[in-house]
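K.L.:
Please read through the structure below; I'll follow up with questions.
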């Protein structure tokens with residue numbers, strides 16, 4: 001029997017204000033986001049991600065994002081030791097979808113901005129204007145050291161200076177097709193990119209440090225942040241408030257999109273049992289690697305994404321916000337997320353992506369006031 005959970009009620013004006021976008025964080029790396037021997041074990045493939053994103057599109061998800069990971073954490077589960085590449089994956093997914101927005105992640109230490117500008121313009125053409133770029137500076141030193149391109153530990157304190165120049169080159173090339181930018185990190189000499197994107201290219205970021213938020217406030221279209229805790233859907237509110245305040249300083253509208261994992265079942269008890277089972281199988285060796293790497297950056301402060309990921313409180317799913325409960329409970333908590341000022345959307349992961357998206361679309365989303373504007377589905381995706 002499904003737990004009885006009160007349905008939130010809003011006036012029409014509140015309902016309009018609380019409309020929230022939903023995205024899926026596709027599993028580009030093995031095993032998704034659960035570092036556990038008890039979680040589903042699988043390799044990343046194009047076919048898996050195609051099925052996930054096509055289901056997400058069917059259920060009116062607004063966007064799909066893939067990360068980039070160049071070296072994993074090892075351990076019994078070989079966590080994230082097996083990864084696809086973000087731009088090529090999303091190019092393929094752009095070709096087999098028609099409405100959902102598609103975002104790839106650029107590891108900016110590995111790709112010159114002019115190459116990213118051209119790749120993005122290409123996927124813009126494939127997708128019909130549905131593509132955007134997530135820019136990351138890089139925090140896991142071994143990812144880059146293995147290729148001989150780690151610039152030294154001083155980079156930790158200068159990475160947003162680097163990213164600022166990077167995005168300025170991108171904006172030049174996407175906006176005018178030409179760049180003569182001269183900076184400390186990049187020198188463009190009549191650099192050209194054509195054709196240009198058919199629509200303004202969206203840039204997103206995931207800054208939680210002061211420097212990261214300042215960058216997003218100046219250059220990003222929206223900023224990702226971690227949800228916090230288990231079944232505490234509004235605990236991220238101070239982070240969203242900081243982002244809102246940073247954006248006010250630049251006079252731009254930069255909303256927060258919040259990362260959550262959904263573990264749902266018919267009842268709260270059944271969902272909680274799954275969560276406890278995953279925690280009991282935590283891959284301690286892989287988690288130790290994460291903790292070790294999080295301590296390498298001694299220059300960016302204590303409020304970075306990786307510090308939160310490695311917190312022992314819930315490291316089994318890298319400490320993203322976790323919503324555990326019945327379908328009605330999860331719907332209620334997501335409506336609470338939507339009520340937080342500055343929260344414009346959520347980026348969701350699931351313990352099992354294919355069944356998770358289906359149950360979300362069939363059992364959770366129809367109960368959400370912040371998704372009440374969606375049309376009723378009339379047919380099932382294959």
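Yeah, the Cβs are placed from backbone N, Cα and C, and that goes for glycine too.
According to Swiss-Prot, the protein has these features:
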type    : residues                        : note
BINDING : 68, 69, 134, 143, 159, 160, 209 : FMN binding site
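On this model, are these features tucked inside or out on the surface, and what's nearby?
P.N.:
A sphere of 10 angstroms centred on the C-beta of residue 69 (FMN binding site) encloses 23 other C-beta atoms.
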K.L.:
Using DSSP reduced to three states, classify residue 209 (FMN binding site) as helix, strand or coil.
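P.N.:
Once the DSSP labels are grouped into three classes, residue 209 (FMN binding site) ends up as coil.
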K.L.:
Give me the count of other Cβ atoms within 10 A of the Cβ belonging to residue 159 (FMN binding site).
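P.N.:
Result for residue 159 (FMN binding site): 24 other Cβ atoms within 10 Å.
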